[in-house]
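A.B. asks: Found this in TrEMBL, in case it helps:
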- 41-68: region 'Disordered' (REGION)
- 232-268: region 'Disordered' (REGION)
- 431-462: region 'Disordered' (REGION)
- 75-97: transmembrane segment (TRANSMEM)
- 103-122: transmembrane segment (TRANSMEM)
- 134-158: transmembrane segment (TRANSMEM)
- 178-199: transmembrane segment (TRANSMEM)
- 304-326: transmembrane segment (TRANSMEM)
- 338-355: transmembrane segment (TRANSMEM)
- 375-397: transmembrane segment (TRANSMEM)
- 468-487: transmembrane segment (TRANSMEM)
- 493-514: transmembrane segment (TRANSMEM)
- 642-660: transmembrane segment (TRANSMEM)
- 672-699: transmembrane segment (TRANSMEM)
- 711-732: transmembrane segment (TRANSMEM)
Amino acid sequence: MAGSITTPVDDGGGVRKQYSSLTSFSSSSSSSAASGLAIPAVVHDDPNDTSPLLTPSPSPSPSPRKRKIIRGSHFTPRALAVGLLVGLIICFSNMYFGLQTGWVSTMTMPASLLGFGIFRLLRDRLGDLPFSPVENVLVQTVAGSMAIMPLGCGFVGVVPAMEYLLREEEMGPVRMGLWRGCVWGMGLCFFGVVFAVPLRRQVLIREQLKFPSGFSTAVLISVLHGQTKGVEEAGGERKNPHGFASLVGDDESSYGGEEVRDGEEEDNKKSEGWKRNVILLIVCFLLSGISTFATYFLPVLRNIPIFGSVAASTWLWTLNPSLAYVGQGIIMGPATTLHMLLGAVVGWGVLSPLAKNKGWAPGPVSDWEHGSKGWIVWVSLAIMLADSVVSLGYLAFRSVRLYWPRMKRVLPNSVRNLLPGGRQGYASLLRTDSSSESEDGGPLLAETEEEKEHDDAPPDQQISNKGVSIGLAASIIFCVGCIHYVFGDLVPLYATITAVFMALVLSIMGVRALGETDLNPVSGISKLAQLFFAFIIPQSNKSSVLINLVAGAVSEAGALQAGDLMQDLKTGHLLGAAPKAQFWGQVIGATAGAVASAFIYQLYTSVYTIPGDLFQVPTGYVWIFTARLVTGEGLPPMAKEWAVGAALLFAVTTAARTSMTRTKRLQALVPGGIAVAVGMYNVPSFTLARTIGGLLSWWWRSYKGWQDTPLIVLASGFILGEGFLSIVNLIMQSAGVPHL
């Protein structure tokens with residue numbers, strides 16, 4: 001459910017998705033990088049495009065432009081194998097952190113760096129087949145698609161809710177086991193990927209949305225492989241930094257698809273740069289891994305009572321000095337982490353003591369059912385729902401407003417003449433003067449649209465419309481069949497079918513939000529799906545809570561996977577990679593990730609107590625509480641009043657934030673609803689560590705002049721080190737190795 005804050009993906013409400021994104025790269029830095037690029041794009045005729053929405057008016061065909069040569073194979077077994085290896089490491093890491101706090105990240109930039117480093121070490125064995133940029137695109141595509149499966153398949157949120165939190169009267173608990181877990185994951189992992197393909201032409205080719213994380217990854221790959229001319233050239237005739245192969249230089253030698261050569265003096269600095277990043281990644285990985293290993297023998301290190309023993313034992317105010325959570329804070333940035341800290345202060349410093357002392361939550365503070373820990377979740381839920389409704393509602397309105405002029409063009413004349421503006425509005429779309437612009441400042445010229453249509457990969461490197469249609473139909477049928485196999489008659493077929501088609505609609509909003517803001521609001525999307533199903537599934541149905549959980553999981557999976565593939569397609573588009581190769585890489589990675597996630601989940605749940613001290617699965621509680629709320633279960637005393645007040649307050653703040661898209665500094669001062677909510681439902685120990693990371697990132701950027709890439713590499717090393725070494729702790733726990 002995460003998704004909104006900046007981005008990794010946090011399954012807790014946007015964060016995972018908003019955060020999710022999956023990787024939260026600095027939008028400002030990405031934008032500035034984009035503004036510094038001015039590179040020609042390749043022109044390709046696409047005879048298959050007959051979209052009635054974009055039928056051009058008569059105008060001269062765009063002048064042909066020089067087609068760039070993209071060297072290297074777009075799809076190779078070696079790149080696929082390395083992508084699966086890197087993806088498995090990140091998948092383990094995401095499962096670990098997802099079960100703890102709901103945080104998940106695709107880590108595409110570290111995946112690209114790791115892939116380059118592996119092939120760099122093997123370069124003497126590669127002979128005449130050097131590792132090319134388009135192969136690196138495949139590596140990060142496969143790794144990223146595999147990495148998000150713990151979240152995409154619900155193993156860090158909705159599945160624990162079904163298995164451990166669903167009551168008997170709610171037709172629970174539902175124990176999946178390994179086999180049914182694999183079937184469930186496989187059912188969810190395809191339709192979002194296929195649906196992203198037809199969206200590609202609209203958001204990447206016609207609108208050329210930024211997708212900041214995908215852009216940043218493309219720049220990193222371009223620099224690693226020595227394609228510096230494509231990154232550095234600007235001005236003159238170079239005017240489209242988002243065109244096909246725009247990061248590939250005109251000079252063959254600058255984009256020959258070969259690695260940096262030690263013998264070339266011009267590239268020595270680039271070689272030293274990637275070496276420093278790899279060393280930084282390894283050192284941070286080892287430091288974090290060693291500290292994680294130490295916490296097994298000294299569990300007290302996970303909860304240091306920095307505010308005193310009373311605050312720690314009674315009110316749960318401790319610090320987890322995990323380098324991984326510091327790394328997460330570095331990726332999220334100072335604004336997001338400070339908003340999360342605000343949520344922790346309000347939730348755990350004000351509301352929790354208030355609910356306890358007033359008798360609204362009489363149980364122990366740490367009790368999810370009767371203590372203040374569970375009571376404040378209702379307030380955080382209301383904040384997330386308000387944020388989701390306002391932000392997604394604004395996005396839907398903006399999308400309709402943007403596409404309405406094109407939609408009117410395909411309406412019959414009799415209908416069109418009845419609309420405001422009549423024929424005059426229709427005729428204005430056919431104007432060909434250069435001053436014609438939309439309300440958003442974009443040109444409405446048919447000639448401009450035609451130019452964009454040509455700025456794409458060759459037709460033989462794309463997936464045909466027929467293939468997309470067959471694949472989408474097959475993936476939907478497969479999803480419905482898998483869910484029916486897992487749940488039987490507990491989840492009716494009409495509910496599953498409705499959930500899938502609703503997921504497709506909501507995925508459009510998720511992809512657009514990701515392209516414009518680098519935040520995929522998957523948590524908000526899943527909440528809207530749960531709210532919608534509360535109206536179509538009667539409360540008298542004993543499986544209403546279970547159906548609600550399944551519907552939300554399907555919507556989240558579709559939006560998450562469509563957004564992830566679109567980021568990867570943006571990276572490949574800028575580097576001239578074949579969309580078809582990326583699509584199949586995503587399918588293979590998602591399949592492997594679904595199976596691996598089911599297996600890893602079973603490992604953790606068989607060794608550790610879920611929920612427990614180490615894995616509290618807070619997003620599982622968010623899922624189940626949301627389902628119970630929208631299906632009519634009563635709230636604890638005074639929770640309704642506080643929840644309504646919080647929802648109204650953050651509806652206003654979210655509306656204010658959406659109106660400040662052009663004033664980022666002012667926007668950062670207004671608390672984000674998802675960030676505040678995540679700070680409320682996660683215990684303070686994680687939030688404090690993330691805040692430290694956020695402040696460190698601000699200090700390094702502001703006073704030390706660090707760029708985004710080394711900061712992301714440093715943070716990724718911290719995260720991967722703890723996530724990967726947790727496997728060692730898992731083995732020791734299962735073997736009964738004693739703690740000190």
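Residue 1 is the first one shown; counting continues down the chain.
Yeah, the Cβs are placed from backbone N, Cα and C, and that goes for glycine too.
Mind mapping these onto the model and telling me what they sit next to?
C.D. replies: Here the transmembrane segment (134-158) has Cβ contacts under 8 Å with residues 1-2, 9, 11-12, 16, 20, 22, 70, 72-76, 78-80, 82-84, 86-88, 90-91, 94-95, 98-99, 102, 104-109, 111-112, 115-116, 119, 181, 184-185, 188-189, 192-193, 217, 221, 224-225, 257, 549-550, 552-553, 556-557, 560-561, 564-565, 567-568, 571-572, 575-578, 581-582, 585-590, 592-594, 596-598, 600-601, 617, 619-620, 622-623 of the same chain, all six or more residues outside its ends.
Counting same-chain residues at least six beyond the ends of the transmembrane segment (468-487), those with a Cβ under 8 angstroms from any Cβ of the stretch are 174, 176, 180, 183-184, 186-188, 190-191, 193-195, 197-198, 493, 496-497, 500, 546, 550, 554.
Within the same chain, residues 17, 21, 191-192, 195-196, 199, 203, 209, 211, 391-392, 395-396, 399, 476, 479-480, 483-484, 520-522, 525, 528-529, 532-533, 536-537, 547, 550-551, 554-560, 562-563, 566-567 sit at least 6 positions outside the transmembrane segment (493-514) and bring their C-beta atoms closer than 8 Å to a C-beta of that stretch.
Note on the transmembrane segment (672-699): residues 2-5, 10, 12-15, 18-19, 100-102, 302-303, 306, 316-322, 325-348, 351, 373, 376-377, 379-381, 383-384, 386-387, 521, 523-524, 616, 618, 621-622, 650, 653-654, 657, 711, 715 of its chain, located 6 or more positions outside it, place their CB under 8 angstroms from a CB of the stretch.
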A.B. asks: Which one of these stretches, 103-122, 178-199, 338-355, 711-732, has the most C-beta pairs shorter than 8 Å to the transmembrane segment (304-326)?
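C.D. replies: Top-ranked stretch among 103-122, 178-199, 338-355, 711-732: 711-732.
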